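If you check Swiss-Prot, you get these features:
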MOD_RES   Met1  N-acetylmethionine
BINDING   Arg41, 148-154, 173-177, Tyr192, 264-266, Asn322  NADP(+) binding site
Amino acid sequence: MLAVHFDKPGGPENLYVKEVAKPSPGEGEVLLKVAASALNRADLMQRQGQYDPPPGASNILGLEASGHVAELGPGCQGHWKIGDTAMALLPGGGQAQYVTVPEGLLMPIPEGLTLTQAAAIPEAWLTAFQLLHLVGNVQAGDYVLIHAGLSGVGTAAIQLTRMAGAIPLVTAGSQKKLQMAEKLGAAAGFNYKKEDFSEATLKFTKGAGVNLILDCIGGSYWEKNVNCLALDGRWVLYGLMGGGDINGPLFSKLLFKRGSLITSLLRSRDNKYKQMLVNAFTEQILPHFSTEGPQRLLPVLDRIYPVTEIQEAHKYMEANKNIGKIVLELPQ
């Protein structure tokens with residue numbers, strides 16, 4: 001089968017597509033013939049040598065994919081049959097023509113969505129769902145500040161925040177992105193390149209601050225985050241795009257806010273946790289991708305590349321130009 005590969009860590013120029021052995025499904029696993037796989041920041045970090053796959057995971061890039069069930073391993077429980085369409089949450093391996101998946105990490109394709117659209121859901125939407133509900137304990141009426149609000153996770157988080165009855169606020173780096181955030185349901189957006197998002201957030205909330213922050217930036221934002229955090233607020237850190245170093249009195253500022261700093265990753269969670277998350281998402285959220293009206297959810301796709309243009313896809317994401325997801329299509 002064909003798969004994305006790199007021989008040494010470095011820039012996008014190291015990526016290429018090569019022939020590798022097709023995997024075989026193990027106990028309780030399904031072999032998925034991949035139609036499409038979306039790009040995530042973790043793919044860029046792994047390519048750079050900064051994010052190793054979890055033990056036992058494929059070293060091929062790709063944390064989410066959609067396609068057709070091609071083979072069932074021993075011990076499968078009969079939830080899937082050969083030929084079914086499905087989308088999958090993966091610890092790696094999605095950017096290849098075939099990938100093995102524990103059957104509990106597969107989800108049905110929502111009615112009305114293409115396989116390419118569906119590939120943009122698993123990692124991004126399950127991450128946003130986990131951050132808001134399982135980690136951040138979002139409540140109706142909460143102000144939620146979403147950094148990188150027009151990323152894949154960000155576009156999902158805006159919509160899920162609205163669904164929870166909370167109020168999404170976003171940061172982004174262009175007017176175009178902020179306009180899209182408003183269309184998705186953001187109550188306000190702040191251009192971090194042109195204004196102090198912390199002061200703008202406090203002004204919008206009439207000095208109260210935000211109850212929940214979803215932060216994939218990290219170090220460079222710490223002081224502004226604490227400044228606009230409400231009393232007893234929750235700050236959920238799930239990425240370090242702005243670095244991991246802190247200089248200054250973070251703990252004292254956080255303490256006087258009675259604030260909570262919580263860290264979270266999804267990729268390294270065990271399969272039992274991921275299956276619980278997939279089940280909850282499938283039951284509570286997935287139907288809303290197919291309903292009509294204001295509660296309908298929408299995976300936001302920016303660009304679609306053939307997998308042979310993997311270098312261009314990485315360059316585009318690294319330039320922070322994307323609004324929503326970048327999806328790779330695999331040859332069928």
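Glycine too: its Cβ is placed from the backbone N, Cα and C atoms.
Not measured: the values here are computed from a predicted model.
Swiss-Prot feature annotations superimposed on the structure.
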residue	record	DSSP class
Met1	N-acetylmethionine	coil
Arg41	NADP(+) binding site	helix
Leu150	NADP(+) binding site	coil
Ser174	NADP(+) binding site	coil
Leu265	NADP(+) binding site	coil
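Just so you know, of the binding-site residues Arg41, Lys177, the Cβ with the fewest other Cβ atoms around it within 10 Å is the one at Arg41. When the alpha carbons of Arg41 (NADP(+) binding site) and Met1 (N-acetylmethionine) are compared, the span between them is 24 angstrom. Residue density at Leu265 (NADP(+) binding site): 14 other Cβ atoms are found within 10 A of its Cβ, drawing on all protein chains shown. Sequence-distant neighbours of Val153 (NADP(+) binding site) (same chain, 6+ apart, CB under 8 A from its CB) are Ala124, Thr127, Ala128, Leu131, Leu214, Cys216, Tyr238.
For the recorded positions Met1, Leu150, counting C-beta atoms within 10 A of each C-beta gives the highest total at Leu150. The local packing around Ser174 (NADP(+) binding site), expressed as other Cβ atoms within 10 Å of its Cβ over all shown chains, amounts to 15.
With respect to their backbone Cα atoms, Ser174 (NADP(+) binding site) and Met1 (N-acetylmethionine) stand 40 Å from each other.
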